[in-house]
Structure formats: structure tokens, C-alpha cells
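Chemist: First the structure, which I've put down as C-alpha cells, then a few questions once you've had a look.
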């Protein structure tokens, strides 16, 4: 089996990365940064997001497992003291694959240029860098509303605990193939109205954002932030691809939610 190790880049994570590589090589596994079967992320959720985007072109062939060197993460379920146990499990144990839905974002342009396609593990946020965002929001090809406000956030189930939650969105279990649309400071008065509530869109329900003025858009997909000009539309939906996690033991989603936001209690 071929593996790669992605590190946060701090001394603790780099030391663990070196140990993991040495142990796995001693077990006869092959280190392959280009086409790994499994990627071990050492750091936190941000490190795993980086690894996801690095290998987004081979999600059907690569599985991810995370070691967190800071706070408990939603994607990283192993701790440094368990490195030897994890290495033995990778080398000796057929692991279970757990798949989560991800987000597809397609930006199309008025000039007919080549469209840009992105995959998101957590979310995509859409803002105007020139003031209020003014767009039509279409769902399944029909106009749903005209949005005016700071921006829009479209999140995956696994990303629903991140920016989406801060916007008042619901937490969705990753077994549900859906995306969530949440508003950022929408303008609602006697003239302008939006639904004012997060929307959960199931698979095959495509959301299309169409600008009503000629502005430069800031489109952020996870940690990647890009500026787009002359935008015709931004299409968001559940992607055909999935992210694959290697599971060597249970990692219950609701337990992670409880520990992260409520605490273990007395």
C-alpha cells in the first residue's frame, strides 16, 4: 500500500510526520506523494482540508485519516500518543471506508471563457468586494429569491459545524447527501425580502447564483479564496465525487458535535 503524510508544518507535527513515515516504511509500505492509497494528515482540520484539495483529483482512489496535534477536530480523530497504534492498524488492518458528500462549485463567465470548477469539503462563501451582494438565487432552474446582503454560504453536511453554524445554520449528519444555503446579513424590509432562513437542498437540487450587477466576486472554497470578474453564474450542488475516510475504530459524528460545542460534562 502507498501512503503520504501531510503536516501542519509546526515542529510537533513535523516530528510526528517523520515518525509515521519511518514506522510505515519499516512495515514495508511505500511512500508516494503523487498517488497515495492513504493520506495521514498531521495537525488539525485545516491540515486535512489542505490534503483534501491536494488530492481532489483522485478522491476515488485516496482515503484520509487525521492525527490532531491541537484541539479535537471533526476530521482528525487520532492523537500523538496513539501513533504506534495507528501505524500498526494501517499496516496490518483492512480499514473501513466511510464516504461523506462534498460540494461542487462551478463559476461561469459572461465572455464565454472556460468555466472554473471547484470541490469543497466544508463550504463555499460568495461575497462582493464592492459592497452589497445583489443576486438572483435559483433552485432547480426556478427563481427562488433575489438576495441582497453581505453574502451567501453553501456548506456540506460535514462542514455544517463550521461557518454555517455561526450563521445560524443547522448541523446535518454526513450520511445525508445534501448541501445547505445560509444567508449572511440579508437586507429585509418592506421593499426587499428574502426567506431569511437556511435552506437544505437534497442531492440533484442545484442552486445557481446569478449576479444582478457587474461586480467582482470573492469566492472562497474552504481555505482557498479567489476573485472572479465578469461572472455569469455560480452553480452549487452535491458533487458526484465523495471524500473517503479510513476508519480503524468508531468515530461517531454526534459525539464529536457534543464534545466540541457542549463539552463532556462533569
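Using N, Cα and C of the backbone, Cβ positions are placed for all residues, glycine too.
Whatever TrEMBL says is automated annotation, not expert-curated.
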Chemist: Which single residue out of 4, 185, 220 does TrEMBL record at the NAD(+) site shared with 45, 46, 122, 123, 148, 150?
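Modeler: Same NAD(+) site in TrEMBL: 185.
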Chemist: Which residue, out of the binding-site residues 123, 150, shows the minimum number of other Cβ atoms inside 10 Å of its Cβ in this structure?
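Modeler: With the binding-site residues 123, 150, fewest surrounding Cβ atoms within 10 Å: 150.
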Chemist: Rank aside, I only need the closest one: which of the binding-site residues 122, 123, 148 has its C-alpha nearest to that of residue 45 (active site, proton acceptor)?
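Modeler: Result for residue 45 (active site, proton acceptor): the nearest of the binding-site residues is 122.
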Chemist: Max Cα distance spanning 45, 46, 122, 123, 148, 150, 185 (NAD(+) binders), Å?
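Modeler: The two farthest binding residues have Cα atoms 32 Å apart.
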